[in-house]
Structures are given as structure tokens and as C-alpha cells.
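Student: What follows is a single structure, and I will ask about it in a moment.
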Amino acid sequence: MDVRLLLISVLLGLSRAQLDGNECTKASAQSCGECIQAGEKCGWCTDEDFLKQGEQKSTRCDEVEALIKKGCSEASIENPRGTVSVNKNQSLTDRTKDGVKLKPDQITQIQPQKLTLDLRSGEAQTFHLTFKRAEDYPIDLYYLMDLSYSMKDDLENVKNLGTDLMLEMQKITSDFRIGFGSFVEKTVMPYISTTPAKLLNPCTSDQNCTSPFSYKNVLSLTADGFQFNNLVSKQQISGNLDSPEGGFDAIMQNQIGWRNVTRLLVFSTDAGFHFAGDGKLGGIVLPNDGKCHLQDNMYTMSHYYDYPSIAHLVQKLSENNIQTIFAVTEEFQPVYQELKNLIPKSAVGTLSSDSGNVIKLIIDAYNSLSSEIILENSRLPEGVSISYISHCKNGVSEKGENGRKCSNISIGDQVTFEVAITAKGCPSNGKSETIKIKPLGFTEEVEIVLNFICECECHKDGIANSPVCHFGNGTLECGACRCNEGRIGRVCECSKDEVRTEDLDANCRMDNGTDICSNNGDCVCGTCECKKRDNPEERYSGKFCECDNFNCDRSNNKLCGGHGRCECRKCICDANYTGSACDCSLDTSTCLASNKQICNGRGTCECGVCKCTDSKFQGPTCEICPTCPGVCTEHKDCVQCRAFGTGDKKDTCEEQCNYFFLVMKKKKEELPQPNDQPFINHCKERDANDCWFFFTYATKNDSTVEVHVAEELECPSGPDIIPIVAGVVAGIVLIGLALLLIWKLLMIIHDRREFAKFEKEKMNAKWDAGENPIYKSAVTTVVNPKYEGK
């Protein structure tokens, strides 16, 4: 947004949405159907008299609140809403393994099963799907094994897999079937040797191997574990030249008798895999068609079709609700882990070198796969979007891609998914569409029929070739004319060939001026159609688009002061407001003073503001008087003269002091209290005898003044002489004694210091009592330094 436009929006109090317009007005809808497809908040006004002169037909389309503000009654607004209807809602199956035996199609794990949604453009329709894992749910397992030479020791352990796996799976379900298939490689060079001898026995001469093949369905799904052991024990190892195997070809040929139950595919190998494009090495360029080409349980088109791509493989597994378990050796774990990330509902297990742990691997992988629920939807129609919110165990909720799934789901656990479907516009054909949602790895699915609300209800009551639409040139529909082909105008009054003639333009000039539609609109068929503003709240109107609702006087940066509406550049004020900008309030409550008088009786109330007529008074309610004495002081003399006959005005009392009503009370406690009257002053004043008298001064609502005076005065009593004299004498005596005590104390301290000083000097004396300290001897002794005593 331009900085200047943003500044204007702040000053005018407009939101960004108002400046930018809304999706309803931007659509310039010419019919109710076009309007409701513009957005979920859009409504269409069907009132034939709704449009003002000069307004376009598209003005009927706006947000519902805006239409009501423009004068369209709520009953005249078409605003159809979407709905959700449940058509099939079977209860979830609740049984135990030892309970009643049910067929797979009698078990319900997801609810509801079918819904119908009526979608309004932009409006999301929300519903809930509940999933509950059923106990003793049937399982089909197909074991697909790599029979290249490197898997020789693995085959020996798989020969007894049928009965052993049956025993383990019976702990999970009483309805279990198992099948077996094998794969090697495409039977062309360079994947295998095509020499006659190698085609018979691809292994070394001392090894007895079967001829190479692409894929063989050894045993379709059966509940007979002994049959599985018998047929698998007859299988022989084969061989090929390159390390990657052709297992993806085998997965695509999956028509081996699946039921609508849990489908598990165990893919066992110790090598990598070929995928789309690798077939070019053998001269095979045709993409895999994803169809079944089994003859006598053998894949016969491996030399004709390329390997499938990973995306094609994912699509095929998802379509057939097959959950894949990759049982691979440790060497190829990283490769198949990456593949697992691309294939939903798949698992990877580490296969021992001789496949001795294959049963445990299958059981662990099944438990991991079955404990996770992932919802998947079919391809959505154009313009339709879907979102999920999962509500899993322990109150955990997720959105986005994680909203499609719940983990750690045990048998009997119930989880809920909140699904929201939104359409943007209507499909080109306007017909219903059907989508499906299903939990990956399960055959159950939820069917959802999508009906699109492309027209309003009033569309059905349209009057074709209505005379209202200029002699039948259109259909009167939802309060407006939908013009026939080649006709335009508000009521289809004009042919497209007549739009630009000069004669018609003359009808769009105001007062024979030069401006067409006041430069605020376009002349269409001799009628002005006013331009739209960026702000949908602002409109041009009038026969010549000469009016608008945004160029009126403003107050406090608000159009019409915020207390009126702008019509044709003039403010129409709300009740209790007047003025060109509706900024003058007729309400006098703001002028009431604290005494409940308008402007304190000293001014007039104009536009909600006091204009004080007495120059001494000021303030919002004319109650402030900086040069005036207080109320008590001002009326003291009059109260004193009327109540007691004293004071400075006792001689002129009748002339100057008859402006109030006097009420006498015996004691000051009997005077009115503040809560007794709206406004009251309590006064305490002194008379000439230094006595205090008490009175109250109150102004009533009828402007009369009432004064209550207490007859009882409070006069000061004379002083008690004896206590005063006794106090003074006692004070003088005490002060004298105190001064004597202080003088005595100071003298004692001074004497002690002098005595201590004398004692100190006495101790420092250097002479005895018998010596004269001034005496000096007359004898002088001289010593010769060279004298050595000889």
C-alpha cells in the first residue's frame, strides 16, 4: 500500500480491507449466481428498488452487513449456505475374537460411510470421521520371494513357513490366508544369459537350478498351511547375471485372489531392484501398463514392457489397499528404507542371512503397520481443497499432513478425524462430483458426493422475457434483469451496437455541460453508470453521478463528525446533533454543573459546551471564579444580620439580604448533611466577639437559595490565671536550678583538669630540692689529646 494512502487511512479511521475493497465488490457480479461464487460472505440484494439512480447492477453484490447498511432488508438478501448430510451411518463393529463370526463385508471400522455435501464457494463444510480397529479382522498375506541363486539357503527356511506362520497369526486373527510367489529377472539380455544351456540351467554345472523366469504365482491365497509347505518345498533356485532383481514386475502382477480384508505383501530379497528406464538395456522401451498379464500363473510380458516406476508402483499398491513389508538383508537396508519413505503403509525388516527370522519380522512389521492409521482421498475436482485435523489417543491433535494420521492405535481404540472440504467457484459443467476417503491398507472407504451451489434460490423464480427488462429483452431474476444475448444496460434497455452514439452521450451531461456523468461514471445506453471506489463504503450516485457519500464536512477527522451520514455531499445528522458536520450536540447533560444547574446558572449551553455569560466565571460548566471570595465569606454578613441581628450589614439587612430563605436550627448537629440536598456548603465563620457561628448554604434546582443557621454559638472562654502563674513560677525555679547544676558541673570539670595538669608538670621536673638550677661551676677542665700517659 502506498505510504500516502496508508496515512490517509489512519487519519480517516479506515482499515486496509476497506481501502482495498472486498472480494464481493471486486467481482463486479451481474447476477446472483456470480455473486455467491465470489466469496462465502457475499450476498445479493433482491429488492427491485435497492439501487439508487446511477448505481451499477453489481452494487447488489456485497457483504451482507454492508448491504443492510445500504438499506437492503435482511429478508431481501440471498445468501445460501452449504450443508452436510449423512446418507449412510452404520455403527462401528464391536466384537471379540471369540464372538459371532462375521464376514469381512459385515465388519465396519469407519463411520459414517456416505455423505452428501452442498458446497458454497469459499465456505468450508466440516464433518467428522471415526475409525475403530476391529478385533479378529481377517488377513491375507502373500509371500513374494527372490529365487535368484543368492537366496538358496533362504528357500530352505521358507519351506516350512506356511504352518509356522499360521500358528503365529492365529494369535491375531482366526481368519488368515497365505499365498506364495517368486521372481528372478526379465528373460532377456543383459539380465540373464540367453545361451541354450544357461536358459535350461543358469547356475554352474554342479548346481541344479530351474530355468530363469520373471514372475511366477506358485500358490494363490489359501487357508491351507500344509499346501503352502508342500508347494514351496518343490521350488528350485534360479539365477541371473546382474545384481538388481525384477521384483517390481512381480508386484504389479498382484491378481492372486485378494479379499476385501487386510492385505499384506511380504517382499523378500537380498538385492536391489530395477525400475522404469532400466529396461532400455534390454531394448525394452514400452512403459509398464500396470495390467495383469498372467498365463498359467506366469508373467508373460516381461520382455515387452519396461519395469514400473516407483510412482506407478505406489499408485497400484494404494489402489489395491496392499501394505508392503520389505524383508531384506542388512546390506540393502538403507536402499529399502528410502523406498519405504515413498510408499505409504509400508515397513522394512532386516532379514537374517538364511531368513531364519522371517516369522518374527512379519509379525513385528504387521503390528507396526496396523497401529498407524493414515487417511487418503481420491483425486479432487478442480477448485476443491481438503484439510484434516486428527484427534488421536491421549488428546493429541495434529493439523496439516500430520492431521491425516494417528499412531500407536491398538485393537479397540477409537480415533476421530475432522475433515473440511472447500470449493472455490463452480465446476465448468456444474455437475456433482464424487470423491472417496479411505484409511490406507484397508478396503473400507467413505463416499462423499459434492453438490455445488452455483445459483441462488431466486434463480428458479426468474421471469423470462419480462416486460420490466425493456420490453422482454431479459429475464427478471433475483430483483435484477439478466439480459439476453446482445443486450446490455441496467434493464437491458440498449443494444451493444448503440452504446457509443453521440445522441446517447448527451443524456449523460448535467445541465448541458461538457462532463459526461460528472466525470464520475460511464455513459451506457444513455444512462450513467457510476464508477466504483476502492473503498466499498464510498459510492457515487445520482442521475449524472453528481452525488457521493464521502465529500461532506468533517469534524475531528470524521465524516459528519461520526454523528450522521453523508448523502449527496450533505450531512444528514443523527438525533440530538446539528450543524454542517453534525458536530453540534443538542444534549445538555455535558453542561450540567455540580449543583445540577445548566452552566451553573451563569451561562448558556451551545453544542454541548457552556458559554459563560458572567465574565467572572469560567470552566466547562461556569463554576470556576478565580476572583470571587468563597461562598461562606461572601454570604457571612447577610447570614449574621438575619440570624443574629449583628454584623456589618445589620443596618441594611432587609434591602441587601433577602435573597435566601432562612431556617434556624438549635445546634450545629441539626444542620443538613451533604446527602440531604444536591449541592450544599457547610460554613464556619467568626463574629466580632470572636465567637464561631455555623450555617449551610444550598442552591436548589429551582434556583432558590436556602440557608440553615445554628442558634448555638461557640465562644472562647477566658484563661485560668492560677495555673498559668503557678506554671510560670515553677518554670522559673526549675530553669534556675538547672542553670546552677550546669554551672557546678562545669566548675568540677575545670578543677579536675587543672589538677591533672599540675601533677603532670611535677613529674617532669629535673632538679632536686638541694640544688640551684642556675648555679654553674667556675672550674674548667681541659684534656690534651696527644697525651699518652707516659
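Backbone N, Cα and C define each Cβ position, glycine as well.
As annotated in TrEMBL:
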type	residues	note
DISULFID	Cys24-Cys456	disulfide bond
DISULFID	Cys35-Cys72	disulfide bond
DISULFID	Cys392-Cys406	disulfide bond
DISULFID	Cys426-Cys683	disulfide bond
DISULFID	Cys469-Cys481	disulfide bond
DISULFID	Cys478-Cys517	disulfide bond
DISULFID	Cys525-Cys560	disulfide bond
DISULFID	Cys568-Cys599	disulfide bond
DISULFID	Cys584-Cys591	disulfide bond
DISULFID	Cys612-Cys622	disulfide bond
DISULFID	Cys625-Cys628	disulfide bond
DISULFID	Cys638-Cys715	disulfide bond
DOMAIN	23-73	domain 'PSI'
DOMAIN	31-456	domain 'Integrin beta subunit VWA'
DOMAIN	632-720	domain 'Integrin beta subunit tail'
DOMAIN	744-790	domain 'Integrin beta subunit cytoplasmic'
SIGNAL	1-17	signal peptide
TRANSMEM	721-743	transmembrane segment
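In terms of burial and nearby residues, how do these features look in this structure?
Tutor: Note on Cys392 (disulfide bond): other Cβ atoms within 10 Å of its Cβ, all shown chains, come to 20.
If you take the C-beta of Cys683 (disulfide bond) and look for same-chain residues 6 or more apart in sequence within under 8 angstroms, you find Val631, Cys632, His635, Lys636, Val639, Phe694, Phe695, Thr696, Tyr697.
The number of other CB atoms found within 10 A of the CB of Cys481 (disulfide bond), across every protein chain shown, is 27.
Around Cys478 (disulfide bond), the same-chain residues six or more apart in sequence whose CB sits under 8 Å from its CB are Ser31, Cys32, Trp44, Thr46, Glu78, Cys456, Cys458, His459, Gly462, listed in sequence order.
A sphere of 10 angstroms centred on the C-beta of Cys591 (disulfide bond) encloses 23 other C-beta atoms.
Long-range Cβ contacts of Cys612 (disulfide bond) within its own chain (separation 6+, distance under 8 Å): Cys599, Arg602, Gly603, Gln618, Gly619, Cys622.
Neighbour count (other Cβ atoms within 10 Å of the Cβ, all protein chains): 16 for Cys625 (disulfide bond).
All chains included, 11 other C-beta atoms sit within 10 angstroms of the C-beta of Cys715 (disulfide bond).
Here the domain 'PSI' (23-73) returns a mean pLDDT of 87 for the predicted model.
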Student: Within its own chain, what residues at least 6 apart in sequence put their Cβ under 8 Å from the Cβ of Cys35 (disulfide bond), listed in sequence order?
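Tutor: Correct list: Cys24, Ala27, Ala29, Cys42, Gly43, Trp44, Arg60, Cys61, Glu78, Cys456.
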Student: When DSSP states are grouped into helix, strand and coil, how many residues of the domain 'Integrin beta subunit tail' (632-720) land in each?
Tutor: 23 helix, 27 strand, 39 coil
Student: In the structure shown, which of the disulfide-bonded residues Cys72, Cys599 has the fewest Cβ neighbours within 10 Å?
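Tutor: With the disulfide-bonded residues Cys72, Cys599, fewest surrounding Cβ atoms within 10 Å: Cys72.
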Student: Cys715 (disulfide bond): which of the disulfide-bonded residues Cys406, Cys426, Cys469 is the nearest Cα neighbour?
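Tutor: Closest by Cα: Cys406.
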Student: With an 8 Å cut-off on Cβ-Cβ distance and a minimum sequence separation of at least 6, pull the same-chain contacts of Cys426 (disulfide bond), or say none.
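Tutor: Looking at Cβ-Cβ distances below 8 Å from Cys426 (disulfide bond), excluding near sequence neighbours, one finds Gln37, Ser121, Gly383, Phe452, Ile453, Cys454.
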Student: Please give me the CB contact count at 10 A for Cys525 (disulfide bond), counting all chains in the structure.
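Tutor: Excluding its own Cβ, Cys525 (disulfide bond) sees 22 Cβ atoms within 10 Å.
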Student: Round to a whole number and give the Cα-to-Cα distance in Å for the pair Cys638 (disulfide bond) and Cys525 (disulfide bond).
Tutor: 86
Student: Could you measure between Cys406 (disulfide bond) and Cys625 (disulfide bond) for me? Cα positions, answer in whole angstrom.
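Tutor: Cα-Cα distance, Cys406 (disulfide bond) to Cys625 (disulfide bond): 79 Å.
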Student: Of all the disulfide-bonded residues given, Cys456, Cys517, Cys560, Cys584, which has the fewest Cβ neighbours within 10 Å once its own Cβ is left out?
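Tutor: With the disulfide-bonded residues Cys456, Cys517, Cys560, Cys584, fewest surrounding Cβ atoms within 10 Å: Cys584.
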Student: CA-CA, which of the disulfide-bonded residues Cys72, Cys517, Cys568, Cys584 lies nearest Cys392 (disulfide bond)?
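Tutor: Closest recorded candidate to Cys392 (disulfide bond) by Cα: Cys72.
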